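Student: This is the structure I want to talk about, given as structure tokens.
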Amino acid sequence: MTQEPLLKARGLYKRYGKVTALNNCDFDLMPGEILAVIGDNGAGKSSLIKALSGAVQPDEGEITLEGKQVHFASPLEARGHGIECVYQTLAMSPALSIADNMFMGRELRKPGIMGSLFRQLDRPAMEKFAREKLTELGLMTIQNINQAVETLSGGQRQGVAVARAAAFGSKVVILDEPTAALGVKESRRVLELIRDVRSRGIPIILISHNMPHVFEVADRIHIHRLGSRLCVIKPGDYSMSDAVAFMTGAKVPDEVAEAA
Amino acid sequence: MSSDAKAATSYEEGLKGASESVAEFKEKKSALARLQHWLHMTPSAVPMIVLIAAVIIFGLLSPNFFKAMTISTILQQIAIVGILGCAQSLVVLTAGIDLSVGAIAVFSSVLMGQFTFRYGIPAPISILLGLALGTAMGFANGWLVAKVKLPPFIVTLGTWQIILAANYIYSANETIRSSEIAEVAPALQFWGNSIQPGGVKVLYAVFLLIAMVAVLSYVLRQTAWGRHVYAVGDDPDAAELAGVQTKRVLIQVYALAGLFCAIAGWVMIGRFGSVSPSASTGQLGNIQSITAVVIGGISLFGGRGSIVGMFFGALIVGVFEMGLKMVGTDPQWTFFLIGLLIILAVAVDQWIRKASA
């Protein structure tokens, strides 16, 4: 291994009562790669992602970002370190506009006294930025960037959430099931967007059940099983059915079998 | 395993020849749907329409209704409910409810009066102390809601009783007379002063209410904090994940509501002249303010509505009371109609929400 991982986790534990969601879990994200995380339902993928994005705090273990140990007490802190996450629930306020949602928690203020003293929002700048980002995603033939998010379709909402993460993520972008609610065409756009983000040098963690999508875009695949990392494979080395067999426990990958 | 990768994308070949455009935002077609959408964007439109209709109807029924005197009386009468409504609006926007607004107002007014008369503290300092203590009562509500995670209805049902009882115990149910206040501490009655352009009396309290509505409207629409208040009421989990410090916002909202209630308490002294621990606001302030908020189109489920709507809501109640009195009907008709309006307002709110579907 010549490169140091950008985001690394070692020995993570997270217990909810008697349920152990993360059981001595390791994780490595290399700079500039697309890392897919797959695993059966209940394998602890979501817990892992939440630990990395600050939404939950692991009971034990350490997370390092660019070689420095970090503790995220909230998603806001993770964001402060340049980690953006698109949650499965999308985390959008339905009654607020697209622009409001994109800038939630990091609003722009007007320059000069209107911004510093009266704390007025710079709506034109926020709307322009939101419009640009959605256009990049090809999601835009929109008349009204001030449209409430709840008036959008499921796919459009997902598009806005992905655009928000892609626009602000400076170190890592995490996408939890980004194509689950999307049609074929919209999914394609999201996959293109994922590649766009990588070409800007930002690594991506992609959680998905969609094997064709995973095998198409991922550089490496982290297979999660029973609360920890089973193995990491390259999509070229194994078939989709192998990957499914590993994650369901029907088959054991060679290197794990050798180690055992 | 390159065949796999090929298989992965092959199903998309079916897309060839299909329209290239991605999901678009389509214009709504029917007039009713457009109206629904417009109301969805402009939540204060409904109460405004009702208000204008009520004014026109009462103007036709009673020729005296359009006198400046009538309007100034209506504004005077809604000043206190309007300020309590500002407090209530903030709380309701976060999907909460504050039953203690009237109690905080009365107790704050009693504190201001007693500090001045019992301990001889200069009136302006007593007022500041009263405002600070009102804010502290609101803070207690907010802390219980945000940190202890109790339902707002239960928290404020409790603090309503506690504060009102504390108010009677502390004051020994003693009223401070108007003449005494005017002599010793006129600052307490400041908001009862008035200007009289063209012989029409307008209380300072009315200007205060309008200024508060204007400032709050700006804060809620034009600042990040205002957007966060809406986001917390809309979907607290989403707001939290999106980076809003929901607990802090909640506590700030309840504390600010407490401050507004204390301001309403100060205004009460100016409006009634005396300081009375048994003022009816203590029992009715919460219901009156909730009525203004609901008729004003603010959703009790949080995250929707505007402060200007609440102002229209308070005005509608004032116009109904005054108009029916001038027409000479049984005053019970006022409550009858206001009851109808409340139900209608919530029904309209539910209908507007469907614009999202």
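Even glycines carry a Cβ here, placed using N, Cα and C.
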Student: Need the matching range: TrEMBL marks transmembrane segment on one of B:176-196, B:281-301, and I'd like to know which.
Tutor: B:281-301
Student: Looking only at the recorded stretches B:78-107, B:119-140, B:152-170, B:249-269, B:281-301, which one has the largest tally of CB-CB distances under 8 Å to the transmembrane segment (B:202-220)?
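Tutor: Maximum Cβ contact count belongs to B:78-107.
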Student: Under a criterion of three or more Cβ pairs within a distance under 8 Å and sequence separation of at least 6, are the transmembrane segment (B:45-66) and the transmembrane segment (B:281-301) in contact?
Tutor: yes
Student: Counting CB pairs under 8 Å, which listed stretch among B:78-107, B:119-140, B:249-269 touches the transmembrane segment (B:281-301) the most?
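Tutor: Maximum Cβ contact count belongs to B:78-107.
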Student: Who are the chain neighbours of the transmembrane segment (B:119-140) in space, where the CB to CB distance is under 8 Å and they lie at least 6 residues beyond its ends?
Tutor: 87, 100, 104-105, 107-109, 111-113, 159, 163, 184-188, 251, 254-259, 261-263, 265-266
Student: Grab the same-chain neighbours of the transmembrane segment (B:249-269) for me: Cβ-Cβ under 8 Å, and only residues 6 or more beyond its ends, written as numbers and ranges.
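Tutor: Residues 79-80, 83-84, 86-88, 90-91, 93-94, 96, 98, 100-102, 104-110, 112-113, 127, 130-131, 133-139, 141-143, 145-147, 181, 188-192, 205, 208, 212, 225, 228-229, 232, 275, 279, 281, 285 contact the transmembrane segment (B:249-269) from elsewhere in the chain.
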